[in-house]
Amino acid sequence: MVKVNGNYLKLKAGYLFPEIGRRVKAFSAANPEAALIRLGIGDVTEPLPLACREAMKTAIDAMGTAEGFHGYGPEQGYAWLREAIAQQDFQSRGCEINADEIFVSDGSKCDSSNILDILGEGNRVAVTDPVYPVYVDSNVMAGRTGDAGAEGRYAGLTYLPISADNNFSAEIPSEPVDLIYLCFPNNPTGAVATRAQLKAWVDYARSHNALILFDAAYEAFIQDPEIPHSIFEIEGARECAIEFRSFSKNAGFTGTRCAFTVVPKGLKGTAANGELVELWGLWNRRQSTKFNGVSYIIQRGAEAVYSTAGQAEVKTLVSFYMENASIIRQELTSLGLQIYGGEHAPYVWIKTPNGMDSWGFFDHLLNKANVVGTPGSGFGAAGEGYFRLSAFNSRKNVNEAMARIKSL
């Protein structure tokens with residue numbers, strides 16, 4: 001009989017968001033009249049920017065002509081999009097990133113998992129706790145961990161606790177590690193890292209020959225001009241980092257799918273025989289074999305993000321969601337709750353009241369206020385006693401959700 005990948009059997013009961021969906025579905029079946037407001041999963045709600053829609057319509061029309069038709073595109077992405085990304089997202093900030101170091105994909109979630117394809121077994125992996133679950137689960141699936149313990153932590157991973165005590169920014173590990181997952185602005189806590197903090201990580205990685213996997217999916221929400229948007233704003237990062245970016249949250253591409261990963265040329269790892277190997281070549285080979293590229297139509301839409309009109313519309317979208325975050329912060333603070341995040345990220349991180357556990361607070365809000373959020377314990381053991389609310393919803397729904405919670 002065919003054998004299964006036993007690593008999947010080590011995964012905890014369910015990925016966080018499907019478990020939320022299961023509970024919400026059961027509640028809705030029992031309470032069909034309830035008008036739920038969803039502030040849980042980080043899915044956007046506002047329409048795509050007009051500039052992107054128009055660009056995609058033009059691309060669709062072109063596909064209907066012999067001269068404008070596009071079949072398989074470059075697995076790495078079309079040159080015109082890669083050049084726009086390199087110039088406007090990186091070179092404009094002083095980062096030495098070239099277009100051929102940009103790999104366009106259908107999602108940073110996919111890329112942050114698939115990057116393990118080019119990294120060998122035996123690497124010591126460090127993740128924050130709490131953490132975006134994909135970083136942990138993808139390592140479990142790839143056989144890079146042992147079993148989960150009583151608290152849900154997996155053997156073989158180095159957990160770096162983050163809390164209010166360290167401003168939700170992990171301390172440099174005391175033990176040597178090889179792979180370091182960093183996410184700033186942080187999901188789920190909404191914390192950001194200063195230039196000095198990122199420099200400390202780059203210095204550590206360079207001195208220990210480690211690799212930083214830097215998730216910058218929420219960089220567009222940073223409000224302080226002193227806070228770096230990219231790890232490559234830090235000197236030396238080209239020698240030790242890969243960065244993941246997405247159009248999902250800033251431009252509303254969650255349903256159209258477009259993202260990119262930055263792999264600098266000259267970034268190297270070690271083969272089993274001790275030989276130094278360039279990671280750019282491995283990732284290029286991996287993408288050429290396992291990925292057929294993002295749709296021409298979608299890439300034209302992504303390119304429009306960098307137009308003058310597109311930039312203005314994206315800025316308006318980001319401002320809208322950040323105003324939602326501000327409303328959530330203000331209203332919950334007025335209730336005496338301890339609130340974090342929501343200033344440079346679309347997530348508000350809440351200390352649950354009265355010693356309530358995370359899932360208990362989830363059920364409380366679901367049943368009493370018909371509001372759906374995300375239990376902090378779903379992001380790791382150190383997230384127990386916290387709760388995440390997302391600013392991704394309409395202004396009407398955010399205001400209504402706050403009114404319901406305040407009435408409890």
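Any Cβ shown, glycine's included, is placed from N, Cα and C.
The substrate binding site annotation in Swiss-Prot covers Y15, G42, K109, Y132, N187, N292, R388, and the record cites sequence analysis as its basis. Annotation comment: Swiss-Prot describes Y72, S108, K109, Y132, N187, Y218, S246, F247, S248, R257, N292 as pyridoxal 5'-phosphate binding site. The N6-(pyridoxal phosphate)lysine annotation in Swiss-Prot covers K249.
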Top Cα neighbour of S248 (pyridoxal 5'-phosphate binding site) in the set of binding-site residues K109, Y132, N292, R388: K109
Which of Y72, Y132, all binding-site residues, has a Cβ with the fewest other Cβ atoms inside 10 Å: Y72
Length of the line joining the Cα atoms of Y72 (pyridoxal 5'-phosphate binding site) and N292 (substrate binding site), in Å: 7
For S246 (pyridoxal 5'-phosphate binding site), nearby residues of its own chain (Cβ under 8 Å, 6 or more apart in sequence): G107, S108, A217, F253, C258, A259, F260
Rounded inter-Cα distance in Å - Y132 (substrate binding site), the residue listed as 'N6-(pyridoxal phosphate)lysine': 15
Least buried by Cβ count (within 10 Å) of the binding-site residues K109, R388: K109
Site with most surrounding Cβ atoms, counting all protein chains shown within 10 Å, from the binding-site residues N187, S248: N187
Listed binding-site residues (G42, N292), ranked by Cβ neighbours within 10 Å, top entry: G42
